[in-house]
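Presented below is the structure to which this report refers.
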Amino acid sequence: MQLTLEFGGGLELLCESVKIHSVNVDPQVGEEKLTMKDLLSWVRANLIKERPEMFMKGDSVRPGVLVLVNDCDWELSGQLDTTLEEKDVIVFISTLHGG
Amino acid sequence: MGEAEVKPKKAGPVQCSICSQRRAALKRPKTLEQICRECFYAVFEEEIHRVVVDNQLFKPGERIAIGASGGKDSTVLAYVLSELNRRHNYGLDLFLLSVDEGITGYRDDSLETVKRNEIQYGLPLKVVSYKDLYGWTMDEIVKMIGLKNNCTFCGVFRRQALDRGAAMLKVDKLATGHNADDIAETVLLNILRGDIARLSRCTSIITGEDGPIPRCKPFKYTYEKEIVIYPYSFLQNLNRIYTYAYFKRLDYFSTECIYSPNAYRGFAREFIKDLERIRPRAILDIIRSGEKFRISTSAKMPEQGTCERCGYISSQKWCKACVLLEGLNRGLPKLGIGRTRGLNNGLECDTKQSNGVKNIQSKQCGTLDF
């Protein structure tokens, strides 16, 4: 599944200062859908190069990291349970950083 | 990304609870309302207008400096204040005021952002530097004292630098970008270190009215989440309204200060964010608790005087900046660090509000002075 991921507000520093990543992520074997929960563990394993604790806490993003799925606050689409589709755009912005 | 490409999630698009027409794009932490982007701009700006009016933050004809670090809060503040000033005829002369601490690779870059803001918003910019004011850059200070206590220097110097810059601009007031999350965090920090004097004033929306330059915090009730989303929404609109893009696009700087982390504030910050996730109103409630503290009349409060050396407000014979500077110039940089105020000993670096320093988990050298 083709997805565009964008990291901002300082989070890009955790993935080699690259803000926009075009990635291919597939649902886990035996699963039909790809959820945000799956995506987060994929990101942690594949994109985050340092200090993963700045991005995640438990199986979700760290409190203070905003997530937008297709321009929409993920709190409206079910957070970790949000189902992703082909060509979705997911944005992660840290609010923990910068005055 | 253009609007056409946006597709609602399968879970079913939520309608905006204000206009009932467009798809909701955001859940407001303050009210839990689910609202669309257009209604968000409107309520975000209107609420700040209400705060400005209800608290009489400004008077017509005043000259106002906006403490501008190039970070998200001050960038959004500069944009919103200049918008509201136009829209509601506040009659203010607005200026951007930045402090150059002299941190290579950090402040020089964020100052570039402020210089772009100067052009984008048409606001005159004044930059005051530690080098000019004190004869030392932060780089030079760190070279001399190392990475311990450097945030104390940076914080003390910045507070004074902003006042001096404001005096040079001959402004009536200084507006800073402190948001609700920052203030809740500071309430907790002041409780944690038993700083009763700061606890009693850190929630005031206007401070220093008895001093030379009062300061105000128009974002006192504004959640950080909304401040971060606000400029981001404009970025997302770029393709759609590209003619306005250059002006509407709020660009801000978010790279960490290169000098050591401020662990103590970082913990308070993380705690606030954890609370927010469980119950977003906690942030406003902590501010409210801070406002309602009544200091017992038997508590000893420091008396405010002026520094014998430079004339700046001080509760001691010399102000903190002069003591630190004396230490630097005499080659005794420990002077003024970890001094004699009983329990405060040793906490100095970690607890100083305007610490200069951070890693991703704490605030950066912005305008964090209370």
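Backbone N, Cα and C atoms are what each Cβ position is placed from, and that goes for glycine too.
Listed features, source TrEMBL:
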type	residues	note
BINDING	B:Gly67, B:Ala68, B:Ser69, B:Asp73, B:Val99, B:Gly177, B:Asp182	ATP binding site
DOMAIN	B:64-206	domain 'tRNA(Ile)-lysidine/2-thiocytidine synthase N-terminal'
DOMAIN	B:305-335	domain 'Cytoplasmic tRNA 2-thiolation protein 1 C-terminal'
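Residue pairs drawn from B:Gly67, B:Ala68, B:Ser69, B:Asp73, B:Val99, B:Gly177, B:Asp182, the listed ATP binders, are separated by up to 20 Å at the Cα level. Mapped onto three states, the DSSP output places B:Ala68 (ATP binding site) in coil. For chain A, the nearby binding-site residues by a Cβ gap under 8 A, listed in sequence order, are B:Asp73, B:Gly177, drawn from B:Ala68, B:Asp73, B:Gly177. The Cβ neighbour count for B:Ser69 (ATP binding site), using a 10 Å radius over every protein chain in view, is 30. Counted within 10 Å of its Cβ, the other Cβ atoms near B:Val99 (ATP binding site) come to 28, all protein chains included. Of all the binding-site residues given, namely B:Gly67, B:Ala68, the one with the smallest number of surrounding CB atoms inside 10 A is B:Gly67. Mapped onto three states, the DSSP output places B:Gly177 (ATP binding site) in coil. The predicted model assigns the domain 'Cytoplasmic tRNA 2-thiolation protein 1 C-terminal' (B:305-335) a mean pLDDT of 86.
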